[in-house]
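As structure tokens, the structure follows; a few thoughts come after it.
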């Protein structure tokens, strides 16, 4: 997330590979609910959430972030996951909160997950886009939300946000509008997390503290070390990949829903 563009790229969901500079869940996160259903394992290298008919579970980051690039490896509920939702999102607090939202809606065995995304700025959301996850998309942008404050669209740039994730039951709406219910004989359902990395500006004592600036050998001026996200925009290749994903796998776009917005589409859609 830079000061001018939010890039949403989904995670590699089918297998657990390795990232460099992985964090430690004991140091970086707090388990917030679930009565023992969430667990940190392997000396802080793995976190699991579980869901049964009594309760789901969830966690949140210890730090708040203003800008940055955040990586997390997720393995979703396998097999028949209908009715379950694995939520993964950044959010501030309060009625005018900002939020960057991923929700992975479960499905029957063999059918793709639905990835539901939304962006809130100053408390306003209603910016849903949905995708079918039929492909490995690690590092491929699926959505961007540009800064259009010049035309009166609020942009989430001033409120620090924590990272949250949870696994919970939403059988009344999650799968085919609630037609497919959760098969509780398959419980407990589980999701796995590892290789968290936040290259980000951390909010502390009322201010944002970004990674240190360093001088490179080829330049006398300071530059951000490994902080390409600060100025990241989609290059021509990334734009092609974004269009490919949206053309082939997007199943809902609020910017195309004229029935929902009979008085005119939101300003950022034009």
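Just so you know, glycine gets a Cβ as well, placed from its N, Cα and C.
Taken from TrEMBL, the feature signal peptide covers 1-22. Taken from TrEMBL, the feature domain 'GH16' applies to 19-193. Annotation comment: TrEMBL describes 99 as active site, nucleophile. Look at TrEMBL and you will find 103 tagged as active site, proton donor.
Taking the Cβ of residue 103 (active site, proton donor) as centre and 10 Å as the limit, one finds 20 other Cβ atoms among all the protein chains shown. Every protein chain considered, the tally of other Cβ atoms within 10 Å of the Cβ of the residue listed as 'active site, nucleophile' stands at 18.
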